[in-house]
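Here is what TrEMBL says about this protein:
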DOMAIN    1-330  domain 'Aminoacyl-transfer RNA synthetases class-II family profile'
BINDING   E83, G84, T85, R114, Q128, E132, R260, Y264, Y265  L-histidine binding site
Amino acid sequence: MSKTLQAIRGMNDILPEQTPTWRYLENTLATLLDGYGYKEIRLPVLEFTELFARGIGEGTDVVDKEMYTFLDRNAESLTLRPEGTAGCVRAVLEHGLTGGGQVQKLWYAGPMYRYEKPQKGRYRQFHQVGVEVFNLPGPDIDAELIVLTARLWQKLGLAGSVTLQLNSLGSSEARAVYRDALVAYLQERFEQLDEDSQRRLTTNPLRILDSKNAQTQALLVGAPTLHDYLDEESRVHFEGLKARLDALGIGYEINPKLVRGLDYYGRTVFEWVTDKLGSQGTVCAGGRYDGLISQFGGKPTPGVGFAMGVERLVLLLETLELVPAALHSPADLYLCAFGEPAELAALTLAERLRDAMPGLRLVVNAGAGSFKSQFKKADKSGARFALILGEDELATRVVGCKPLRDDSEQQTIAWDALAQHLATCLAQA
Ligand code: HAM
């Protein structure tokens, strides 16, 4: 017996019953981003491996352990994108979109790939909607990104279920001084650190700050904090951001241990988290990466952005029962035809109705069938009315219009009056 074919672990099919929620979320986001003047960019799923190794950073979990990397037929090392920022920066540089200090406010959506341990809210193929802004160095744009996401939560009914965590990582120079101080402190307590943190002490010491290990967290209580090392410019920037969030009435929690898992960040970092999804509670995360473009060989160009996890937001909407019922509304009409001449007439009649009634949801019966079987299908479709076209109706150019959701009488309507009649019927609740 051949083995049943299955999807790859951590890579999910999104089934028809779920896609309306995805579209609702994607459409809400697209409309919102339009409203703030952001433009969509579409980027490849595959890039040269070097882009991520250089951009996200060797020593990060994403680059060291989680990338889907392979050699193509030309022996080039390629990687399925684990995130969108590096590719977006590559694209704006390649097309000169940030030249001469041009401001770019961009967004993208699509699948990302990370070889992580799959669990609820964490997958190997997942989807992000991301935003990246270039050439705006001030805290005003950081605040705009945050208020825009806050508006999304409002629109989706999630405002009470997510909280904002905020931190500043300072300049790269300040961070380097801090890193040395942290390493010196932890080196003295090396034996008490968990295994992962011992490894990170040489590869990526700042990541130890958000270790999940309780003993390591206890050790960190007395450790030097990043804020004591913040440079003056970063401090002013952070104060500017907080003042704007205060003015907007957006609550936040300063989390000095929020460092993020990707190397390119400096100054502002933030995460929107929920306690409704278990351990994978970060639904949106981002920050400033003013050094990344020059690291890729471009002129120094400020950059800031975020990405949200679509699966996690869909899960959250479902968990909190916030998916609008109307999203799953069925067809309006189901057109039954009996006998080949009526079937042919039904086809053209259906197209005439679609012309006359934009947005109409009309299912034409396919596969013929008896009265009984077609009515059964009409009923199952959830349509409000069945239209009936048999030999007699064809001869007199009428259709039977049978309400399926209440006991009112079937009516006989001339083809020419049908669109008008249906528009009136469908407008009634
Ligand atoms: P990230 O924190 O790695 O940041 O991912 C952003 C969001 O993607 C997470 O908060 C989470 O909602 C979702 N996510 C990440 N990994 C998974 C997974 N395995 N399964 C399901 N959802 C996941 C970035 O990717 C940055 N590029 C964000 C950014 C844009 N920073 C500046 N600009």
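Every residue number used here counts from 1 along the chain in the order it is shown.
Keep in mind that glycine also has a Cβ here, set from the backbone N, Cα and C atoms.
Just so you know, TrEMBL annotations never went through curation; they're auto-generated.
Among E83, G84, T85, R114, Q128, E132, R260, Y264, Y265, the residues given in the record as binding L-histidine, the maximal Cα to Cα distance rounds to 21 Å. Counting every protein chain shown, 26 other Cβ atoms lie within 10 Å of the Cβ of Y265 (L-histidine binding site). In sequence order, F52, I56, V62, M112, Q128, G130, L262, A307 are the residues near E83 (L-histidine binding site), counting only same-chain partners six or more apart with C-beta under 8 A.
It is T85 that, of the binding-site residues T85, Q128, has its Cβ surrounded by the most other Cβ atoms within 10 Å.
Confidence across the domain 'Aminoacyl-transfer RNA synthetases class-II family profile' (1-330), taken as the mean pLDDT and rounded to a whole number, stands at 95. All chains included, 20 other C-beta atoms sit within 10 angstroms of the C-beta of R260 (L-histidine binding site).
Secondary structure at T85 (L-histidine binding site), taken from DSSP and collapsed to helix, strand or coil, is helix.
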